[in-house]
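The next block holds one structure in the form of structure tokens; read it before the comments.
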Amino acid sequence: MTQRERLMPDNRPSVIKSHTSEPYAAGQTGAGQTLRHDFSLSAVLAGCVAVLIGYSSSAAIIFQAAAAAGADQAQIGSWMWALGIGMGLTSLGLSWCHRTPLLTAWSTPGAALLITQLPGVPFEQALGAFVVCSLLLMIVGVSDLMTRLMNAVPASLAAAMLAGILLPFGLDIFLAMEAEPLLPLTLLACWIAARRWLPSLAIPLVLIAGLALSLVSGQLDTSHIELALTTPQWTTPEFSLNVCLGVGVPLFLVTMATQNLPGVAIIRTAGFQPPVGSALRWTGIASLLMAPFGGHGINLAAISAAPCVGEESHPDLRRRYIAGMSAGVVYLVLGLLGSTVTALFTALPDTLVMSFAGLALMGTLGGGLRSAFQGDTDLDAPLVTFLITASSITLLGIGSAFWGLIAGLVVHLIRKSRP
């Protein structure tokens, strides 16, 4: 059984069993007082890995969303600048203020929604819809509605949802072997060996091995990539009632259901008590400020947050906030470089991206499964949550994580009410 340290009232660290520990409260005293004391290479690398997963897996969707909005090349570069700067500042600020690895991200499901909803909508009116979505996020943050909702969700269901979200990534390692077995098998062997002898460096070593093999095999071509800073482009938003209702409100609902809700669950599963209201206010304000530059929204990270909150970041959960700050710095750099860095990420071979993401999330996937199904808890509700979430179904434009959690809660309430 994994053991964790928490700070007792007399400020002395005490080791307790993870299944009996209370979530680590943001802002506790003890660890997390100085960057010099809490700094660790593993946490810094975890933050870099989180950003790599986020950019390499979904940057192309952001480009498609921007194109659907009718953005030109300068506006697309500004869109990426706005997201990078907004995510960087919020990840840095939230992680430092709350001493919790609070990673933010763009809404990938939201971008997918925009691809279908924005064709024919003027770019200025699309930005107006982004402003409406940002204001709704701020309102929810002020009302603390999200905090009350998450407190009502059993920990086993949150863990089952996390495991269901991550399962496809774990399966991708082996699915990638159908098309090209050499690279996934090499990375898997490297990961197994590193977990045995250098566990804290397992993920960086896997990445280095993957990049080296891709270069040697000629699958990684960087000759067409030019280094250049991105210039932000201000566009004054325009407000159309139809566009605000047809794009802004659905974007808010998708962001809450598929990003913020799973994001909070992932942080809680790792042993933290996330400051939900503060996070929503920060991300809402950042989204509002970045909307005129093209940013479609900033929210809590879900999948990409896993490397930062897990034990791979640091054995002491009170020092894992460094991973969130590290990711924030990387976000800022990528935002300044904008489309240049995005082109670099999209140049990575698909097989490398699939295999690396799966291996980087393997530890968190295992932890989620253990938390969901260990102990004497009723297995029906977490099992339903896990299976529906892992199915990747989409109903009414909302992804499987939301429906898995809802179905699990229904089963939990029915089982709880039995005589």
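Don't overthink the numbers, they just go from 1 along the chain as shown.
Here the Cβ of each residue, glycine as well, is placed from N, Cα and C on the backbone.
Summarising the annotation, TrEMBL assigns region 'Disordered' to 1-29.
Summarising the annotation, TrEMBL assigns transmembrane segment to 43-67 (among others).
The annotation transmembrane segment is assigned in TrEMBL to 79-96 (among others). Long-range contacts of the transmembrane segment (79-96) within the same chain: residues 59, 62, 66, 71, 102-106, 230-232, 275, 278-279, 282-283, 286-287, 289-291, 293-296, 298, 321-325, 327-336, 338-339, 342, each at least 6 residues beyond the stretch ends and with a Cβ under 8 Å from a Cβ of the stretch.
Positions annotated as transmembrane segment by TrEMBL: 103-120 (among others). Sequence-distant contacts of the transmembrane segment (103-120) (same chain, six or more residues past either end, CB-CB distance under 8 Å): 47, 50, 54, 57-58, 61-62, 64-65, 68-70, 83, 86-87, 90-91, 94-95, 126, 246-247, 250-251, 254-255, 258-259, 279, 282-283, 286, 295-302, 304-305, 308, 323-324, 327, 397, 399.
Positions annotated as transmembrane segment by TrEMBL: 126-145 (among others).
The transmembrane segment annotation in TrEMBL covers 157-177 (among others). Sequence-distant contacts of the transmembrane segment (157-177) (same chain, at least 6 residues past either end, Cβ-Cβ under 8 Å): 150, 183-185, 187-188, 262, 265-266, 268-269, 302-303, 306, 350-351, 354-355, 357-359, 361-362, 364-365, 367-373, 381-383, 385-390, 392, 400-401, 404-405, 408-409, 412.
Counting same-chain residues at least six beyond the ends of the transmembrane segment (197-218), those with a Cβ under 8 angstroms from any Cβ of the stretch are 42, 45-46, 49, 52, 182-183, 186-187, 190-191, 307, 312, 348-349, 352, 355-356, 359-360. Taken from TrEMBL, the feature transmembrane segment applies to 197-218 (among others).
Per TrEMBL, the feature transmembrane segment maps to 321-345 (among others).
Summarising the annotation, TrEMBL assigns transmembrane segment to 393-414 (among others). Only residues 6 or more beyond the boundaries of the transmembrane segment (393-414), in the same chain, are considered here, and those with a CB under 8 A from a CB of the stretch are 109, 113, 153-154, 157-158, 160-161, 164-165, 250, 253-254, 257-258, 261-262, 265, 302, 378, 380-382, 384-387.
Same-chain neighbours of the transmembrane segment (126-145): 69-70, 114, 118, 235-240, 243-244, 247-249, 251-252, 255-256, 276-285, 287-288, 291-292, 294-297, 299, counting only residues six or more beyond its ends whose CB sits under 8 Å from a CB of the stretch.
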